[in-house]
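Have a look at the structure below, then the notes.
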Amino acid sequence: MQKVLLAISLVFIGVNTYSAELAIPNVLKTGDATNGASLVATCAACHGNDGNSINTDWPSLAGQNQKYLYDQLGYFVSGERENALMTAVIPYLKTLSSDEMLDIAAYYAESPASVGQADSDADLLALGGSLYRAGDLNRGIPACTACHSLYGEGNVQAGFPKISGQQKGYLISTLKEYRSQIRNAGNYALVMQAASANLKDDDIEALANYMHGLYRK
Ligand code: HEC
Ligand code: HEC
């Protein structure tokens, strides 16, 4: 809980000044990606062979950080995070050990992520870019860069997810689920419930378009 409060207060203090103190030790061991590759045959139908989903509504997993993936798998298995399509693989995931789940997370983390193409509508891009980089203090919207970084890579050590290149339909649905607090698995979800509380539908559309097309040059 302390970590979450720290993360929330950082948004308002300005994360750059404090990032040195926030160094979180990388205590998570690394999974075996080669073994992970042998465990994901049933996942490819929706997440793609290499973790790059081809459907706008289904998330890509490629290049996502290991800690975030591992945590989310745990939430699906425990039932804290629910999704109709993911339900199909939960019986299978329950047969795996936690080391095997870490191997799956390591496999996707090492898989190269595709770059997305944003809709070039100028107004949409301007709104998305400005909210993503600066937030809107008057409307109580934090800068997304504080935790997801300027180019959307997230924060590997803290396990803040990469959102660059993520599928647009999924970004929209999941931001709405944080806003309505349907997505509520784990303490980190509370951070995003707060960050999305004051977003309007138009803001979410614009942010999703911007994040989908974001990449490091
Ligand atoms: C039938 C389609 C389908 C299959 C098969 C499937 N998934 Fe998913 N998966 C989804 C959808 C849709 C979501 C988004 C859930 C949501 O919106 O909460 C998701 C979400 C996830 C997430 C969270 C992604 C994020 O960015 O938060 C992980 C991790 C994941 N799946 C892993 C797996 C693994 C591992 C397998 C194979 C054992 C698998 N999935 C099989 C459809 C599927
Ligand atoms: C204080 C840190 C912080 C800020 C600021 C923040 N996020 Fe997040 N974000 C997180 C964390 C931590 C998670 C993982 C939450 C979880 O486990 O459910 C997350 C998750 C997400 C996800 C889900 C990723 C996935 O694969 O399912 C999206 C989308 C997202 N954030 C977008 C945004 C946007 C847009 C903004 C700016 C309006 C923002 N975030 C601001 C920390 C932050």
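From the backbone N, Cα and C atoms, a Cβ is placed for every residue, glycine too.
Sequence annotations record features per position, and here TrEMBL assigns domain 'Cytochrome c' to 31-112 (among others).
Around Cys46 (heme c 1 binding site), taking its Cβ as the centre, 17 other Cβ atoms fall within 10 Å, counting all chains. Taken residue by residue with DSSP, Cys46 (heme c 1 binding site) is part of a helix. According to TrEMBL, the heme c 1 binding site annotation covers Cys43, Cys46, His47, Met86.
The domain 'Cytochrome c' feature in TrEMBL is assigned to 123-215 (among others).
Taken residue by residue with DSSP, Cys147 (heme c 2 binding site) is part of a helix. Sequence annotations record features per position, and here TrEMBL assigns heme c 2 binding site to Cys144, Cys147, His148, Met192.
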Inquiry  = Just checking a number: largest C-alpha distance across Cys144, Cys147, His148, Met192 for the heme c 2 site, rounded to a whole Å.
reply    = 11
Query = Relative to ligand 2, which of the binding-site residues Cys43, Cys46, Met192 have a Cβ found under 6 Å from one of its atoms?
reply = Met192
Note = For ligand 1, the binding-site residues of Cys144, Cys147, His148, Met192 whose CB is under 6 Å from one of its atoms are none
Message = Could you tell me the mean pLDDT the prediction assigns to the domain 'Cytochrome c' (31-112)?
response = 97
Remark   = Same-chain residues at least 6 apart in sequence with Cβ under 8 Å of the Cβ of His47 (heme c 1 binding site), in sequence order, are Val40, Ser53, Trp58, Pro59, Ser60, Leu61, Tyr108
